[in-house]
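Report on the following structure.
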C-alpha cells in the first residue's frame with residue numbers, strides 16, 4: 001500500500017477530526033466503551049498529600065462534607081465513557097493497557113460465573129469464543145480460496161477460447177468427457193473452441209494465430225482495466241499483496257478499513273481478474289489478506305475480541321495461518337509462516353488456534369477440490385528417486401542464485417516504487433496497469449511457457465518425466481531408433497524438443513525477472529510467492545537438465561562413476577526446479593523454516609528436506625550479505641509504517657536523553673497539573689498543541705510525575721461530561737486526583753478525569769541505554785515511554801522517535817556526538833536562577849563530558865529547555 005494513498009484517505013499526523021466519529025463494522029478498529037484506571041489505593045494518599053502540601057491553595061477532602069460524599073458516590077456510580085480507551089486511525093495501540101484490560105475482564109467474568117446459571121453460560125461462551133471465531137475464519141477462508149481458484153482458472157482459459165458444451169467449464173474440464181482426444185494433443189477436443197475457430201472458422205494458419213493473439217491481448221487488458229478500476233473506485237486498500245500492512249497491523253498499528261468487508265469483497269473479485277489478466281503476479285499473498293479480512297469481520301461477533309485490539313490481533317495471526325494453508329495447501333507451513341513472518345505477539349494459545357484455523361481451512365478447500373486432482377494445490381508432485389551427496393553442489397548454487405535474485409529484486413522494485421511515488425507517473429495508476437498488462441500480454445503470447453498460467457508452468461516444471469507426460473521438456477531420444485520416445489527412463493540424451501524448451505525457458509526467465517519487478521506494487525492485488533517460485537523453478541529446471549545431460553555424456557567422471565551407472569535413473573530435473581523455487585522465494589522474503597515446510601508439504605517427501613534446507617539457508621545468507629531486509633520489510637519502510645522489526649539488532653551506545661523529545665529547538669514540554677487547571681485552560685492546551693498525550697504532574701512547583709493522559713481520551717471525556725453532567729462550564733476545575741479540591745461555594749461543578757489517567761506510565765531514566773529502551777518497546781509493545789530524572793519529567797520517547805533514530809543511525813557513518821548527561825540544578829522551589837518565577841518547563845543543566853581527559857568545567861554549563869517535538873505520534 002502506497003503511503004500517498006494513506007494520505008488521500010485522510011491520514012494526517014496531527015489531525016484529530018475523527019475523535020468523535022463512530023466506527024462502522026467494516027473498519028478495523030471499533031469503538032470500545034472501556035475505562036482504564038491503573039491506579040491503586042496506595043497512590044491516593046501520596047498524591048492527595050502533595051495536593052495538600054503547604055503553599056497549595058487546596059485542601060484534601062476526606063468525605064466529611066455532604067458535597068464530597070455525593071461526589072465520591074457519583075464516582076462509583078459513573079458509567080464507562082463511550083470511546084475512551086479506543087484509538088484514532090493511523091495510531092499505535094498500547095499493548096500493555098490492552099492486556100490489562102483483558103485481564104480485568106477475565107477476572108470479572110470468573111468472579112460472577114458462580115452467581116447464576118446465566119453467568120456460568122456467559123463464562124463458557126467467553127472461553128469458547130476464541131475457538132468459534134477461528135473456526136468461522138477457517139471456513140470462510142477455505143470457501144473463498146476455492147472460489148478464487150475455480151474462477152481464476154476459468155477466466156484464464158477464456159483468453160484462449162470457450163467451451164461450447166458448458167460455458168462454465170475451463171479447458172481441462174471441457175475435454176474430460178471427450179473421446180476424441182489423443183495422447184500427444186490431450187488438450188484438444190471438439191467441445192473446446194478457440195476464438196479464431198469461433199470468429200474466423202479456422203483453427204490453423206496465420207490468420208487464426210493473429211486472431212488468437214489479438215483476443216488474448218483484448219481479454220488481458222479488459223481484466224486488468226476492470227480490476228484496477230474496481231480497486232480505485234471502491235476499495236483502494238485492496239491493492240498490493242497486503243502482507244506488509246498485515247505485519248504492521250499485527251505489530252499494533254491501526255489502519256481503519258484495511259480489513260473491512262468492502263476490502264474483502266473487492267479484493268476477492270479483483271484478485272481473480274488480476275490473475276486472469278496474465279500479469280506476473282500470484283494469488284497466494286493476497287489470500288493472506290483475504291483470510292485476515294474474514295478474521296477481522298468475525299471478531300466483531302464476540303465482544304472479547306471486538307473491544308480489545310490486542311486480542312483481535314491473536315485472531316488475525318490465526319487468520320494469516322489459514323490464508324497460507326489454503327494458498328499452498330500447507331497447514332503446518334501456514335502456522336509457521338504466521339509465527340516466523342507476520343506475527344508480532346504469538347502466545348501458545350494463538351499457536352493452537354492458528355493450527356486449528358489452518359486445519360479447518362485446508363479441510364474446506366479439500367472438500368471443494370478446485371483443481372480436480374484431490375489435492376490442495378495444483379502442482380502437487382511426488383519424486384521416487386533419491387538424491388545424492390554430489391547434488392548438494394548444484395543445490396547450493398541454486399541457493400546462491402536465489403539470494404542474488406532476491407537482493408536484486410528488492411533493490412530494483414523498491415527503486416521503481418520510490419520513483420513511482422516521486423514522479424507524475426504514479427498519479428495515473430490505471431494507465432500504469434494498462435501499460436504493464438499490454439507489454440506483458442504482447443511479449444508473453446508467443447512463448448508457451450509465459451502464455452500459460454504461472455501455476456500451470458510451475459506444475460509442469462516440477463513434474464518428473466514419465467510415460468504419461470507429453471510435455472516438450474520430456475521429448476528425449478530413444479536408444480532404439482533415435483526418434484523421440486516416452487519411456488519411464490528419463491536418463492536419456494535430450495532431443496530437439498528439450499533443447500527448444502531450454503531456449504524458451506531462458507527467454508521466459510528473463511521475461512519473468514523484468515516484469516515481476518514492475519508488476520509488484522501495482523494498484524491491483526498482486527502476490528509475490530508464485531512469480532518468485534516460477535523464476536526459481538525455471539532456473540532449477542534448466543540446471544537440472546544440464547546436470548542430467550552431463551551425467552549421461554560423462555558418466556565415467558569421478559563425480560558420477562560411483563553412484564550413477566549408464567542408463568540408471570540418477571538425476572531428477574523436477575527436484576532441481578523445486579529447490580530453485582524455494583531458493584528464490586527465500587531470497588526475496590528471507591523466510592527459512594516456514595518456507596522449507598511449505599515446499600515439503602507441496603511435494604510430500606521427507607527425503608528432500610536437506611536439499612531444501614541447504615538451498616534456502618544459502619539464499620538467505622547471500623541475500624543478507626546485500627541487506628537484511630526482505631521485500632515486505634522494505635515496503636514497510638518505504639511506506640513509512642511504524643514497525644519495529646524484532647530481527648534487527650541495536651548495537652549503538654546512545655542513551656535515552658539523546659533520543660527523547662523535546663530537543664533544544666523544539667517547543668516546551670506540554671504538561672498538565674493534577675488539580676489546578678480549568679476546562680478552558682485544558683481545551684486551550686489541546687487546541688494549541690498537536691501532541692497525542694500529556695504527562696500529568698503534581699504542581700508547577702513539585703513537577704513530580706503523576707500519570708499520563710491521552711489527548712483523545714481527554715477530548716472524549718470533556719464532550720461526554722458536557723452532554724451528561726449539568727454544571728460543567730469553561731471555568732470548571734479539572735482534577736485527576738481521587739478527591740475533589742476544596743473550592744469556593746460559588747464555583748461551578750468540577751470535572752473529575754481520574755478514570756482516563758494512566759497511573760502507571762512506563763518510565764525510564766535519562767541514563768538508560770537505548771538498547772534497553774528498544775528492547776522494551778519491542779517486547780512490551782509500548783506506544784510511548786516517559787524519560788525522568790529523579791522523578792522529574794524530562795521528555796518522552798515514542799515509537800516514531802525510535803524509528804527515526806534507527807534510520808539516522810543507519811545513515812550516519814561517523815561516530816556519534818559526544819555524550820551528554822543531565823544534572824538537575826538546585827533552584828529554589830518557586831523561582832529560577834534569573835530571579836523570575838519558574839515556568840512549567842523543566843530547566844535542565846547539560847554538562848559536556850570530554851573524552852580527552854580534561855574533564856568537565858562549570859564554565860561549560862549551559863541551560864536547556866526540555867520540550868516535546870511537534871507532531872510526535874504516540
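Cβ coordinates are placed from backbone N, Cα and C, and glycine is handled just like the others.
The feature transmembrane segment, as given by TrEMBL for the ranges 196-213, 286-303, 340-357, sits at 286-303. In TrEMBL, the transmembrane segment annotation falls on 258-279 of the listed ranges 258-279, 456-477, 478-499, 610-631.
Put simply, of 216-238, 258-279, 286-303, 315-339, 388-410, the stretch with the most CB pairs closer than 8 A to the transmembrane segment (430-449) is 216-238.
Remote same-chain partners of the transmembrane segment (534-555), defined as residues 6 or more beyond its termini with a Cβ less than 8 Å from a stretch Cβ, comprise 391, 394, 397-398, 401-402, 405, 449, 454, 457-458, 461-462, 473, 490-494, 498, 502, 505-506, 508-509, 512-513, 516, 561, 564-566, 570-585. With DSSP states grouped into helix (H, G, I), strand (E, B) and coil, the domain 'CBS' (757-815) comes out at 24 helix, 18 strand, 17 coil. Between the transmembrane segment (286-303) and the listed ranges 258-279, 315-339, 388-410, 575-600, the one holding the most Cβ pairs under 8 Å is 315-339. Residues of the same chain lying 6 or more positions beyond the ends of the transmembrane segment (315-339) and with a Cβ under 8 Å from any Cβ of it are 130, 133-134, 137-138, 141-142, 145-146, 246, 249-250, 259, 283-285, 287-292, 294-296, 298-299, 305, 345-346, 350-351, 353-362, 364-365, 375-377, 380, 529, 591, 593-595, 597-598, 600-602. Using a Cβ-Cβ cut-off under 8 Å and counting only residues 6 or more beyond its ends in the same chain, the transmembrane segment (388-410) has close neighbours at 513, 516-517, 532, 535-536, 539-540, 543-544, 547, 559-560, 563-564, 570-571, 576, 579-580, 582-590, 611, 614-627, 629-631, 634. In the predicted model, residues of the domain 'CBS' (660-726) average a pLDDT of 87.
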